[in-house]
Amino acid sequence: MTQITLLTPDDWHLHFRDGDMLQETVPATARLFQRAIVMPNLLPPVTDAKLASAYRERILAARPEGSSFEPLMTIFLTNDTSKQDIIDAKAAGVVAAKLYPAGATTNSDAAVKGLDALFPIFETMAEIGMLLLVHGEVTESHIDIFDREALFIERNLSRIVDAFPQLKVVFEHITTKEAAEFVTSASDNVAATITPQHLLLNRNDLLVGGVRPHNFCLPVLKRNIHQEALRAAVATGSSKFFLGTDSAPHEKHRKESACGCAGCYSAWSALELYAQVFDDLGVIEKLEGFASTHGPDFYGLPRNTGTVTLVKESWTVPSEIILPNGNPIVPFFAGEEVNWKVKS
């Protein structure tokens, strides 16, 4: 197959950041995606309806002229989140609340330190139909970074899912065989997003031949057996798995430093890279489900009605992009050849 037409896709997990960075990130995503779930880990974090609504307005202001792109807003759960915060957020159009263990990712220091304290919040979310999005890693310093996702399932996620069977849960950016197996065997109220980097790469691509800072993200890339498990999961065509890029921009100097930031900025190449993965797996016909239908179906939202066409044609991802402030950012897969291209 050398051409495929999909219903317009959505991105069910990304980071736009804020300020002048929005002038880069919003158009990059609006290029192909109709909707996106916007992460709330700003400084300060987006913790309530008022902050979410204000952030949404800033995103809308950064859309290209004529764009109908729709940001889907989330709030950041903390130990101070109240039931009323959840009710108010839902009334304001917020679609989900995000659970970050404290210290698990960029700007997550304000996050949850005692999971059981949030159980009444999860109960309210289940009652009113707000989704729970989970960054699934434990964060104790003595636990090996490569083991943190599997331990989170065992200690925390299984408890949440068992205690609240009516709560819709998205296990975000899964990276392990254990996560793929957990989601597959869980109820229909549990799903997962998978990033392009975790389908394309494993930890050798981060560490062999030198440290590759632009492949560094959290959760960190795992060994090959986990990459293969994720590839096998999407190849099944299961509706439990859908597209979430976790596109996460950091300026070049913040990645290429003695203590580099975590995140891959994939918005400019993500759909094309997913197409490459599905083509390599011999299941390109299953890309539309992953990119365009499984996500809205799980969220209870209508599918998009437009289409995007991809053709099998090589192109090279730019080596860097200049941000509105004049600083460069290095996109994911910079300088690499991609085999699928959006038909203009």
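Counting starts with 1 at the first residue shown.
Note that Cβ sites are derived from N, Cα and C of the backbone, with glycine treated the same way.
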Select one of LYS90, LYS98: the residue that Swiss-Prot places in the Zn(2+) 2 site alongside HIS135, HIS173.
LYS98
Per Swiss-Prot, which of ASP246, ASP279, ASP280 sits in the Zn(2+) 1 site along with HIS13, HIS15, LYS98?
ASP246
From HIS198, HIS250, HIS253, the one annotated by Swiss-Prot with HIS15, PHE16, ARG17, ASN41, HIS135, LEU218, ALA262 for substrate:
HIS250
Among LEU218, ALA262, the most crowded of the binding-site residues [Cβ within 10 Å]:
LEU218
On a count of neighbouring CB atoms within 10 A, which of the binding-site residues HIS15, PHE16, ARG17, ASN41, ASP246 is highest?
ASP246
Of HIS13, HIS15, LYS98, HIS173, ASP246, i.e. the binding-site residues, those within 10 Å of ASN41 (substrate binding site) when Cα atoms are compared:
HIS15, LYS98
Which three-state DSSP class does HIS13 (Zn(2+) 1 binding site) fall into?
strand
Using DSSP and collapsing to three states, where does LYS98 (Zn(2+) 1 binding site) fall: helix, strand or coil?
strand
Cα-Cα, whole number of Å: ALA262 (substrate binding site) versus ASP246 (Zn(2+) 1 binding site)?
11
Run through HIS13, HIS15, LYS98, ASP246 for me and report the binding-site residues whose CA is within 10 Å of the CA of HIS135 (substrate binding site), in sequence order.
LYS98
